[in-house]
Every structure is written in structure tokens, then in C-alpha cells.
Amino acid sequence: GRWHGSMAPCSCAQLHSCSLPTRCSGSAAKSLLFRFLPFLRWLPRYPIKDWLLGDIVSGFSVGIMHLPQGLAYALLAGLPPVTGLYSSFYPVFLYFFFGTSRHNSVGPFAVISVMIGSLTESLVPSENFLQSVNGSNATVNEELRDAARVELVATITVLTGIFQVALGLLQFGFVVTYLSDPLVRGYTTAASVHVLVSQLKNVFGVSQGENSGPLSLFVTVIDLCKKLPDTNVGTLVTAIIAMVAILIVKELNHKFAAKLPMPIPIELITIIVSTGISYGVNLKDKFGISVVGNIPSGLKPPVVPNMSYFGQVAGNAFAIAVVGYAICISLGKIFALKHGYKVDSNQELIALGLSNFLGGFFQCFAISCSMSRSLVQESTGGNSQVAGVIASLVILVTILKIGELFRDLPKAILAAIIIVNLKGMFKQFKDLRTLWKSNKVDLLVWVVTFIATLMLNLDIGLAVSVAFGLLTVIFRSQLPHYSILGRISDTDVYRDVVEYEMAQEVPGVKIFRSSSTIYFANVELYAEALKKKVGEPPNAENGPGLSVIELNAGESSAPSEPTLQSLGLPKPSFYAVILDFSPVSFVDTVSIKILKNIFRDFQEIEVDVFVASCPGEGDLQGHEPWLGMATPLAQSR
């Protein structure tokens, strides 16, 4: 924590940031409670007349979207459909109490679901549950497999929640800053390709083995191509009709958004109509079209997760925790900026973490925020998470009374819903053109992230992408842009004399600037660039150079005798060097040593060195008193 005064205890309002034991007043306890339960702050002041109707309409609209998406994303995660309904109920309801975003729609999300699906396929493959029936070909015991996968995923979800809550309590909301926007967009685009490939077997109606690990995407595609002759035509036609219908109506929803009171719930209509047709025509028996099967009604009691899985899935759970939070906080900040309120990044971590942690005990899989649902929640009049509560109640009614009616729903319909909802993700390929024009390094991060995630799978791909992103930061600081600044006449503006023709050097003065901060990894390059830009000192060959020299406390740094004139050496064409420190945020001990040598070297050739735009004392970490000076140019001679 931070000390407030030398030894004085902190005030109660500062309790959360103080490490001293202190007696807190009731107002501080109330403030702490409001911080961790934000709904206590805004719910008593909820404007019923202005907001309630909009929240009701928005809640029903989003709840209707949750139903088909929950079923579909459970399929994507390799789980029974009912777990998608659980994941659309418990976390959404819990987020109402802990979340700070008024418009985020939490719940199942395609990218998180496919990350979970890759784990269920690798750790609990169907091959482990093969059983022979009457001595015939072995078949998969889906009931045992699904039970094992639910147990695994519940453990992953609880662990994901633990990571998120811990990061939030430790004020580590900034961790998402290491996932730059190009990285997140490249990763989600590649994840969308994984989602698409995983659903093609349900579109073509073929059975495929489960592949995981590096290059598994390409193995799956090759295997699918080999099995295309076995395509179930009925399944393919069903999927194509559903995709075309959903795409057309979604475009109409977008085009006439201003005129429609709420979007046409085409996904819900599609699953209702297709389930009715499947039941009436008996598509499963007559045409071999695969259906979702039994969906149990009612809620189940909580189950303690199997902690023996923790060691196996800890890394994956952390990746899911970070990616899920990154998507949520980015959406939350967009809506907060638009509607003029603030989201607490650390509290969002805690809210998402508690939703996952508690949801894991009730057979939920890890959740995040959906852009499509969030946009609907906002555009249909949603003003608060009251809309989320109403949406969760719609799902609760479905779980208790309606869900079992969808047992004849074709899996091809769920695959169609998943694929159509990837449209927005695939639009991110447009980033390539934008980044090509604006920033080549960000473009490289996007492309490397995309390729690494495609080839190495989602978990390893994310680790490689983050590592590469950090390397680009090091690369940029290692190779900054060095320049000599000149003054634009009749102004106080100084610019690079190479890039700006109007910028002219001040006679006798060299103003040197680096575009990066100075630290141990680039200070030698800084010194070398300074020599090249201002010119080699006349006695450079015989002088001490720019190597690191330890200075004793009593050692003088005054110019040594004899002088250049007495030695017959020419004086340099300038008498002062100004180091522009405006980009410098900190210096370390190695930098200070090199800077001292720079001062000494130029003093030996009778050139003064000054530091300009240096942060004040206390702002520049690791500074020494002489670094805090800002000497005006007029006083340099």
C-alpha cells in the first residue's frame, strides 16, 4: 500500500490501499461493500419510469438470443446442450450483483467455447468411451463421456474464476494491457477459423475423430476432405437453408434497425421450426440427421469440482481467464465511453471471476461477453443489468419447462447458428489493410498471432503471440529513431532537421533526441547514435571513449588540462549539446554511468552538455540530482 504521511495511519476511505492496521468507521465499511457489490450503489436510485420498460424489452430480446446460442456454444465446447443453458443463466444472474458495465451481455462466447472444446477433446477423447454392443462395431458411450467432460469443464471454469478473482483483488486489471488490440483481433480471428472448422462435420453430417495439439486444424481439414463422399445430403441441405435464412434476416435486422422495436429473433424461430419439422418428419430415423438428444429439465444441485485436474489445466484456465477478461473489458469500455459512465477494470475481473467460480459448481462452462448480444442489449433500450436479470429469467423458464422440447433439434441447425455468428469476427480481416497503412509492426503482430494460433492451436498460439508482442516492444525500444532537432523560425517548435526542411539547427548547439526511454538495453546504442549525429570528438581515438567508467565520489569531472588549443587540436563546430529527455520515463544505474561518461567526453573537448524536458524530481525513477536540471539555452554560454 501507499503511505500517507510518515507514520500516521491512513483514513478509512484509504483502507483498501493501506497496509497499516486501523479501525475503520462504518462509512468506510459501507464504501468497501459498495465497491465489491456495485448494484447497492445504483439500484436504490434506479429510475423506474425512465429505464424499466427499456430493460424489460432488452432483457427479453437478449434472453431469446441466449437460448439458441447457449445450445450452440455447448456443442462447440463438446458438452451436452443443457450446460449451455446453465451457462446462460447462473453467470448472467450473478454478474448483476458484481459487474460495473451497464450494457455488457455476459454468457457463452464462441472463442472461449472453442478453447474449452480443444481441452475436452484432448483430455477426455471419445475413444476412451468406446463400447461394443452385441459383439458388433464399437460405439461411443455418450452418457459416460459427457459426464466426464462436464466434470472436467466445471473444474476448468472454477479455476478460471479463481485466477480472475485473484488478479482483481491484487489490482492486476492492467494485465490485459499486454494483449494489444492487434493481438486480440488476430487471435479471435484465428479462433474463429478453428470454430468454423470444428463445425463443418455437423454441416456435412460426417463423423470425425478428435484432434488436438499443433497442426490439429490442418489434420481435421484433411480428414474432412477425405470423408466428403460420405456427406449426409439431408444434413447439408438443412444447414444451408438455415444459414441462408439466418443471414438474410440478420441483414434485414441491421438495415431496418431504426424501425424495428426489437430484432427479429431469427435464431429462436429457426430452432423452433426446425425442431418441429424434425419431430414431425422424424429426420433422425428417415434421413440419418443427428439431433441434440435428451435435454434434462430442472436445475441440479452444486457439485464440488475434481481438484485432481487442476495441475493439468492450470495454464489453459489462465489463458481462458485472460482472454475472457480482455474481451469483456474492451466491450465494457466502448459502451462506457459512449454512454458517459466508468467501468472499474479490477472489479470487472472480480465480477467475471465470481460468475465463473460459482457457475462452475453448477455445471457451467467459462463465459465472457458477446458483442452481438451486447449490441442488442444496448440498441433495444437496455440501460442497466436489470436487462441481464430478465434475460437470465427467460433462460430459467426454458431450463425448467421448455428445454426438454428441443431434443429433436438437428445439430446442423446449431452449427449453422455458430457459423453465421462468426461473420463479425471474419470482418476483422479488414484490419490487414488498415494496419498496412498505419503501422507495420502492429500488422506483423496481427499476422504472427493469426498464423501461430492457426498452426499451434489456441493455448500455445496465445503464449507465442504474447511473447512476440513483448518482443516487438523490446525491439522498438532497442531501435528507436534518433534525431537532431532544429527550430522552426518564429516559433518555439523543434523538429527533426532531416524530416522538416523548415527546421534549422541553432548555431553552435546540437539538440539530440531519442524516441524511446533510456535503459541498460539501449543506452550503448544511444551513446553511439549521439556520436554519429553530432560528430566524432577530435580526441576520440585517445580519449576514454564511451565505455562504462566508475567515478569515485571525490573524482572531479572538470575538463582536464591541457586544452585543445594548447595541444593544437581543432575545436568542434558547436559549443553545447542538449539532450532532449521528453521521451525518457526512467533511467537505471547503467544508463547513469554511460550518461556521466558522455558528459565527461564532451567536457574534455570543451563542449557543455545539458538535459532538457527532464521529468521533475520524484517523476524520473532512478534519477540523480544532476539529471533533474533543466538549463535554458540562453544560459549555455
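Keep in mind that glycine also has a Cβ here, set from the backbone N, Cα and C atoms.
Taken from TrEMBL, the feature domain 'STAS' covers 499-613.
What TrEMBL records for 51-67 (among others) is transmembrane segment.
TrEMBL lists 73-98 (among others) with the feature transmembrane segment.
Here TrEMBL flags 152-179 (among others) as transmembrane segment.
Taken from TrEMBL, the feature transmembrane segment applies to 233-252 (among others). Sequence-distant contacts of the transmembrane segment (233-252) (same chain, six or more residues past either end, CB-CB distance under 8 Å): 202-205, 264, 266-267, 270, 274, 283, 287-290, 410, 412-413, 415-417, 419-420, 423.
Among residues of the same chain six or more beyond the transmembrane segment (264-281), those with a C-beta under 8 A of the stretch's C-beta atoms are 61, 64-65, 67-69, 71, 238, 242, 245-246, 249-250, 252-253, 289, 291, 405-406, 408-410, 413-414, 416-417. The transmembrane segment annotation in TrEMBL covers 264-281 (among others).
Sequence-distant contacts of the transmembrane segment (317-337) (same chain, six or more residues past either end, CB-CB distance under 8 Å): 100-104, 106, 109, 111-112, 115-116, 156, 159-161, 163-164, 167, 173, 175-176, 179, 181, 184, 187-188, 343, 345, 348-349, 352-353, 356, 366-369, 371, 374, 378, 458-459, 462-463. Per TrEMBL, transmembrane segment is recorded for 317-337 (among others).
What TrEMBL lists as transmembrane segment is 349-373 (among others).
Residues 39, 46, 51-52, 54-56, 58-60, 62-64, 66-67, 70, 82, 85-86, 88-90, 92-93, 95-96, 99, 101-102, 105-106, 297-299, 377 of the same chain lie 6 or more positions beyond the ends of the transmembrane segment (385-402) yet place their CB under 8 Å from a CB of it. TrEMBL lists 385-402 (among others) with the feature transmembrane segment.
Marked as transmembrane segment by TrEMBL: 446-475 (among others).
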Distal contacts, the transmembrane segment (446-475) - CB-CB under 8 A, six or more residues away: 114-115, 118, 178-180, 182-183, 185-187, 189-191, 193-194, 212-218, 315-316, 319, 323, 431-432, 435, 521
